[in-house]
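According to TrEMBL, the [4Fe-4S] cluster 1 binding site annotation covers Cys14, Cys50, Cys84. TrEMBL lists Cys158, Cys162, Cys165 with the feature [4Fe-4S] cluster 2 binding site. The feature domain 'MTTase N-terminal' is assigned by TrEMBL to 5-121. What TrEMBL records for 144-397 is domain 'Radical SAM core'. Taken from TrEMBL, the feature domain 'TRAM' applies to 400-484.
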Amino acid sequence: MRKEKYYSILNYGCQMNESDAEHYAGQLEELGYARTEELVRADVILVNTCCIRESAELKILGKIGELKRVKAQHPGQIICVAGCMAQKDGAALVKKYPQIDLLLGTSYVNSFKQILQDYLEERKKGVFTSLEVQSSEFEGQRVRESGFSAWIPIMYGCNNFCTYCIVPYVRGRERSRSIENILEEVRSAVASGYKEITLLGQNVDSYGKDFLRNHEEEKLLSVSSAVGEGFTEALKAEPFAALLKAVDQVPGVERVHFMTSHPRDMSEEVIRTVAHGTHLCEHFHVALQSGSSRILKTMNRGYTRERFLELVKTIRKYIPQAAITTDIIVGFPGETDEDFAETCSLVEEVGFDSAFTFIYSKRSGTSAARMQDQIPDDVKHARLQKLMDVQNRQSLCINRNLVGQTVEVMAEGPTEKHPETWSGRTRGNKLVLWQQNYAVKNADGSEEAIHTEEGSSLPIRPGQLVQIKIENAQTWLVKGSRIN
């Protein structure tokens, strides 16, 4: 009898890492492996790493250290370390942690299946960290975590070289996927029942510009005749806006999100495209990082406070109800009390729906790590708390304005602690909770508990669009009741 083979994936980091992990899982299942959550049972353990902040690195290193004990209980177990930390540290990581069998940098996601097959034949440790040799086109399948929402990368890497950020060094320069390759994956996801598509990139607004720089327009134009008149010209003028239009037209798509946007590169055409789209969600995640023009210049962000406010004004002009979220760093080297005050005042002026706020983390190899005037930890923590207080007031105020309104929500499923409570998200990505009744349904002679709308036996499934009347607002979510 053939022995069953198992794998486990430990994933850390951003949405791009989540998508990469789904691709790794797809390749493992193509090789006949089944997923298990029991590490000691797994024949292959893949650790997909992140190095954007020191806290993430320390957590991952602790887990890699623990795997030595796990591997001792499973002779022949293969440990793979992949992702940004693997790219950054390379062979030094294998030397420090000899339990690692394969180390894959960020450009080897597509190649993992072949690399693993080669290892199974030779049992020879391998370190793969070149950023130059791999294709950005998607091949194979993804084993998606969600049954209704699909991550779809449209590009990889970043050309911006913000002084605090390690991404360009570990993800490489910008590389777009061809529009046909993207649309093929979108159509495949929809055919498999996925309702929501999220287009991913370190800077989605730069999509396709590498093709134009490299005179590879054919990778943009291959589907122009199938999408509509004037599409060729639109692709050349604003590739990302044209891609949004193309995805919006895929039959069966119900929602389209995208992230992350760079304020320097987001164009009015992209905003206008979202405003006129059918399934393009009115949500813009635009990373501010600082409200001080002086600090933004030191960060090499390429825009000013005034430019950011003008961008927000443009979004509000076309889509008054748009949800705008952001990322902000406090404690960047040289940040004064005045600089920080400018950040807080901008947060109040814009009225972000929510913000991911972070303490600056020194990353070796970046320009900011070598800067003078590093901010003391106690000052950074105090500023973070103050900024969170400012943003929390803004979020609560915005959410209170929703009370009494009825909003469209895509159901995600019952919450873990309270299965009678379901969660979902608005088109603006706001978390919504509501109560569901139970009904009993006979299926093949068995009984199944399902969630239903008030006073009905009709089941509600993840991915279904429902109408919720908002009755209560909190800082990070709203609560309501389903409208029949």
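Please read every residue number as a count from 1 along the shown chain.
In case you wondered, yes, glycine gets a Cβ from its N, Cα and C as well.
Heads up, TrEMBL stuff is auto-annotated, nobody curated it.
Annotated features, which come from TrEMBL, shown on the structure.
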residue: Cys14; record: [4Fe-4S] cluster 1 binding site; DSSP (3 states): coil
residue: Cys50; record: [4Fe-4S] cluster 1 binding site; DSSP (3 states): coil
residue: Cys84; record: [4Fe-4S] cluster 1 binding site; DSSP (3 states): helix
residue: Cys158; record: [4Fe-4S] cluster 2 binding site; DSSP (3 states): coil
residue: Cys165; record: [4Fe-4S] cluster 2 binding site; DSSP (3 states): coil
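Every protein chain considered, the tally of other Cβ atoms within 10 Å of the Cβ of Cys165 ([4Fe-4S] cluster 2 binding site) stands at 21. Compute the center of the Cβ atoms of Cys158, Cys162, Cys165, which mark the site for [4Fe-4S] cluster 2; besides them, the chain residues with Cβ within 8 Å of that center are Asn160, Phe161, Tyr164, Ile166, Val167, Pro168, Gln202. Here the C-alpha separation of Cys50 ([4Fe-4S] cluster 1 binding site) and Cys158 ([4Fe-4S] cluster 2 binding site) works out to 16 Å. In sequence order, Gln289, Met299, Asn300, Arg301 constitute the residues six or more apart from Cys162 ([4Fe-4S] cluster 2 binding site) in its chain with CB-CB distances below 8 Å. Shown in sequence order, Tyr12, Gly13, Met16, Asn17, Thr49, Cys51, Ile52, Ala56, Gly83, Met85 are the same-chain residues outside Cys14, Cys50, Cys84 whose Cβ sits within 8 Å of the Cβ centre of the [4Fe-4S] cluster 1 site. Mean pLDDT, taken over the domain 'TRAM' (400-484), works out to 83 on the 0 to 100 scale. In terms of local Cβ density within 10 Å, Cys84 ranks first among the binding-site residues Cys14, Cys84. The two recorded residues, Cys14 ([4Fe-4S] cluster 1 binding site) and Cys165 ([4Fe-4S] cluster 2 binding site), show a Cα separation of 14 Å. Cys84 ([4Fe-4S] cluster 1 binding site) sits 13 Å from Cys158 ([4Fe-4S] cluster 2 binding site), taking the CA atoms of both as reference points.
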